[in-house]
């Protein structure tokens, strides 16, 4: 794979699609800043003291306009940053160009191959001979996974001289990961150990990545402290819910121009993401059906006036299918073959394994017709009818549209800044062990408060007597940790 790192006139490394888009990216970044009060407040509060001075931060998170504002907040606080995207389709090329020119090393472009994607991840981790980053901002856990798999392979190599075998897995993406690690062992058999020893901690953005972290914690294999940003209330109850409520119909309409009203739409999963998607489809006039494994979530859906059925009950009747589960094997080839002609199938979970893309791609005689980028019609030979797959089964709101709007991402990314500051400021205190942590309630409330003025909201103030009556401080936090919002 003949990819070469390029350099700006100032010597900053990068690899993006088109640097001539940098001015366009800068204009949109300036618009987004006005819609991201939490990040701008973080610059005002922490910028003068430069708390990240000397810190090297690697980020693996969708390289969008909103992420550009996050990156420039980290650099405004003193950090050096190297960045890649966490999805092959989610990069906004003008955003990548603007950041590469002005602020940080970026390795990302829309439409990467899987090999290019992991090359970009490697580059974002490559801080030269001194080791890896001090801090990681992760989305989905791929960067964290690469370090952990690298350390595991180096330990096996040290004991037995055995290289990892890419042919030991059927997973095409994991084959690439093992190939990267194998090649790295030939030049530096301690590369990932050096990274592991340097990393102070990681802050993880998504449900999928958080699951990976908790699994590693349970197995005793987590190599450094982690902060679970996803489960901050001001992330999961806003980004996951209201963000998806905005960006799902945006992606559907940009990709297909379909009229949602009157259609039958199936939402697989009724967590925060599923709730946002179901609300958007219902408000657009669709008849929404939910599939669920959890009786509590299923009951919530019925209380919202939604039908709860199995996929098998409705697969031949629905017009739109949306997976939101974070699990695998939700819509399989047999389901797709039973769907209506031109049924729309898409995913707004994290990875591409909620929809059986491998089964579809390898089905004998199936024909793929690309309508436009990230919108494909797959025609089955048995019936000569087809289905429309968006973003190749990956995140359709970022592949077919521009993802969540700036304001709601300001909530999520302000949590990221606070998490990174917390890890960095406590790096020598021993406060954080090799475990997964959630930010405390008072910081969650602070993030929310930073976004109220922009919306014209005014908070009521408790009196001392009122605060004493409900046993909370006058200035908060106002809810116990176990409170369900």
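Using the three backbone atoms N, Cα and C, a Cβ is placed for every residue, glycine included.
Annotation for residue 139 (substrate binding site): same-chain Cβ neighbours under 8 Å, separated by at least 6 residues, are 60, 61, 62, 86, 204, 205, 206, 209. According to its DSSP assignment, residue 139 (substrate binding site) is coil. Look at Swiss-Prot and you will find 64, 139, 205, 235, 239 tagged as substrate binding site.
According to Swiss-Prot, the feature NAD(+) binding site maps to 206-208, 240, 269-274, 292, 327, 348-350, 397, an assignment based on similarity to another entry. Under DSSP, residue 271 (NAD(+) binding site) is assigned to coil, being neither helix nor strand in the three-state scheme.
For residue 350 (NAD(+) binding site), the count of additional Cβ atoms within 10 Å of its Cβ stands at 24 [all protein chains shown].
Separating the Cα atoms of residue 271 (NAD(+) binding site) and residue 239 (substrate binding site) is a whole-number distance of 13 Å.
Calculated from their C-alpha atoms, the gap between residue 350 (NAD(+) binding site) and residue 64 (substrate binding site) amounts to 16 Å.
Around residue 208 (NAD(+) binding site), taking its Cβ as the centre, 19 other Cβ atoms fall within 10 Å, counting all chains. According to DSSP, residue 208 (NAD(+) binding site) is assigned to a helical segment. Counting every protein chain shown, the number of other Cβ atoms lying within 10 Å of the Cβ of residue 292 (NAD(+) binding site) is 23. Checking each of the binding-site residues (64, 235, 239) against residue 273 (NAD(+) binding site), the C-alpha distance stays within 10 Å for 239. Neighbours of residue 235 (substrate binding site) among the binding-site residues 208, 269, 292, defined as a Cα within 10 Å of its Cα, are absent: none qualifies.
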